[in-house]
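> If you scroll down you'll find the structure; I have some questions about it.
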Amino acid sequence: MTTTPTSSGRRSISSIRRTSSASKKPVLQSEESESGSGSINENTSKPDSPLAQPVSDGERTVKKLRLSKALTINEGTTVFDACRRMAARRVDAVLLTDSSALLSGIVTDKDIATRVIAEGLRPEHTLVSKVMTRNPIFVTSDSLAIEALQKMVQGKFRHLPVVENGEVIALLDITKCLYDAISRMEKAAEQGSALATAVEERHWGSGNFAFIDTLRERMFKPALSTIVTENTKVALVSASDPVFVASKKMRDLRVNSVIIAVGNKIHGILTSKDILMRVVAQNLSPELTLVEKVMTPNPECASIETTILDALHIMHDGKFLHLPVFDKDGFAVACLDVLQITHAAISTVENNSSGAVNDMANTMMQKFWDSALALEPPEDYETHSDMSAMLINSEGKQSCPSQGLVSSFAFKFEDRKGRVQRFNSTGESFEELMSVVMQRCEADSGLQIMYQDDEGDKVLISRDSDLVAAVTFARSLGQKVLRLHLDFTETIAPLETIADLSEGNGGCVWWQTGVLAGAIVLTSIGLFVYLKRSKK
């Protein structure tokens, strides 16, 4: 086990709801982005679209999983602005688009910690395009769910973008799918679900009713000691270390959390998401901010004898993604994240198999997802996320998501030179839309944005609610792109105001001027007469 002094703290507000986001990401690049081991700007070529797989009626597709809303921004955004947007949405990943509105990369909280802060870059002066993982892998809503999940586990990345017609429509987070799968399998094992029996008979024969229970025993019942080895890396810092030092520890050890320890005893935890949310988004200096100011003190921990299943339950119930582990003497020996535990559980099954049994191990993961996703969901589980529900109508066919559930929409307009510009922007922020349009038009002011409604009228967009209404209108017509109409006429309100004053009060002004002039003339005449008489 490798330990290094470093300081860290865990976020109390962390939640399992971290949107994942990235689309076309190469597997190795994805893994490096999420683990922080990838170099910056390695892959610049545009990836091919995902291979289309024929889907039979009985197979589960991505749109039936629990999808999350993706945060999408332009790759020309600064790291600071990106972090503020991520903090406002409480997400730890953001998808990036290029000038052609095509998905170009992904940035995660770990990238912020290890590629920006640890390298001494200034977030307010650094563009996200400089630190993003380029060309992430993506799937479509009709891709096989099992293949998408296996791809994420094997590639060791949590976030997988879901793309339709070139647009990012959602984000798949493997942690949500994992917890759902575990909940379903536990319910089936405890209640002897008849549905589980039917599923097993259909897939693997009537003699395999014990498969689910066996799978649980082999994958989740081993202790964390089977995961934590002498080579396990744990980053240790002191509470008095600056955040900058903690981020360098994360970078050097390729981890996304550090433990704050006193004599190797766990006193706190600091994760890459804490650095994003509590330091960068708050515009604090990483060099001057001490770890103790932003760490989570006294985090919930697990002993090395805790089972994998119990560890996952601890993390799920506490709504956090990192779990410090201590040995029998109370010393910190590891800090595991949910993806590490998941991957280790699968590896445990494969490593324990040999010969003919290994053939079963090779398909163990597929059977795990297949069986779990086909089981009856727990009572407190919503069959689909809001995003998934919008992708499937009552007949099981794909439909357009309702307003607010998709983070971006396609727009196009004709600029002053007659060129048609097309781009993707949020369908909720008028300020962001105006910023993109003005940048592309090289306009500073005097710009109004409108769209044409179903009656042929041009409706002004001047606030967020107007933009939401415009996007909703376009979706209701089945449109993939909303055409904008621009008015570059400079504002003339001040001139109109002056004109109004002239017309409404002009008579009074001229009358007052005439009276004053008359008074001056009379005074002059009187003074002249007085001087003339005095000479006589």
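Including glycine, each Cβ sits where the backbone N, Cα and C put it.
Owing to the predicted nature of the structure, the values given are computational and were not obtained by experimental measurement.
What Swiss-Prot records for this protein is below:
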- 1-23: compositional bias 'Low complexity' (COMPBIAS)
- 1-60: region 'Disordered' (REGION)
- 66-124: domain 'CBS 1' (DOMAIN)
- 132-187: domain 'CBS 2' (DOMAIN)
- 228-287: domain 'CBS 3' (DOMAIN)
- 295-354: domain 'CBS 4' (DOMAIN)
- 406-489: domain 'PB1' (DOMAIN)
- 509-529: transmembrane segment (TRANSMEM)
> Between the domain 'CBS 2' (132-187) and the domain 'CBS 4' (295-354), do 3 or more CB pairs sit under 8 angstroms, pairs being 6 or more residues apart?
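Contact between the domain 'CBS 2' (132-187) and the domain 'CBS 4' (295-354): present, because at least 3 Cβ pairs are under 8 Å.
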> Of the residues in the domain 'CBS 2' (132-187), how many are helix, strand and coil by DSSP?
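Per DSSP, the residues of the domain 'CBS 2' (132-187) fall into 25 helix, 17 strand, 14 coil.
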> If you run through the domain 'CBS 1' (66-124) with DSSP, how many residues end up as helix, strand and coil?
20 helix, 17 strand, 22 coil
> For the domain 'PB1' (406-489), what's the mean pLDDT in this predicted model?
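Taking every residue of the domain 'PB1' (406-489) together, the mean pLDDT is 83.
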